[in-house]
């Protein structure tokens, strides 16, 4: 029979301790890696996630309205330009939008409301899933309401900068010279808050699915920015990290609406500056197959 000598027993014990320690360390590393990766990623506001959920229709069928309406189809009216005219128009439109910048220094000079109306009507021409048009544009001009919006936003933004966003994100923003203090929310003559409707309501009170509501509203936001630039106004896009629910309640918006983006709108102040950032050239953003 094989007998374990004291030396051999000691070696075996040391080996077993080493194996267990390494196994325990590997387990801890596996547990910590996802947490570290999560902390390195930008913080995600759950309120901003697209809430299109077809399964919900099957689970709560009685609450949802199926679309049965018939829509007449009519001939499409189209203006076709000569090729040279197409090139000229496309180049001029590009040059116009290439001048668009995120401006954080906004004058308190009054903006014609007819211009705001037209800009929002232009945004409302955006395509949407099943033509549900799941957007609501809230226009705020009242100084007291604007100031309260600023207070709510700055309270949450301070937490974002100090805790939620993480050091990498905050470092990446340093070149833009931004922080949680947003004076332009008071000075801008108009604030536009853009809500996505996660579902709608039929005439009988039943819910209507708004397919791809966040993508649809995001397209409308892009057209909105282009229309502002075309009208000679400036803005800076702001995402409502964690202040969306509070602002929704403050503005008395219904529970089916979620704040997607809000923008101060006006003319640039005389002392306005912007970071001198280049845009990617065409060969870095386009692939032809």
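Numbering starts at 1 and runs along the chain as it is shown here.
Heads up, the Cβ atoms here are built off N, Cα and C, so glycines get one too.
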Given ranges 1-21, 22-42, the stretch to which Swiss-Prot attaches the annotation transmembrane segment: 1-21
Protein Cβ atoms within 10 Å of residue 182 (3,5-diiodo-L-tyrosine binding site), excluding its own: 19
Which same-chain residues, if any, lie at least 6 apart from residue 100 (FMN binding site) yet have Cβ under 8 Å of it: 225, 226, 229
Assigned conformation of residue 102 (FMN binding site) - DSSP reduced to three states: strand
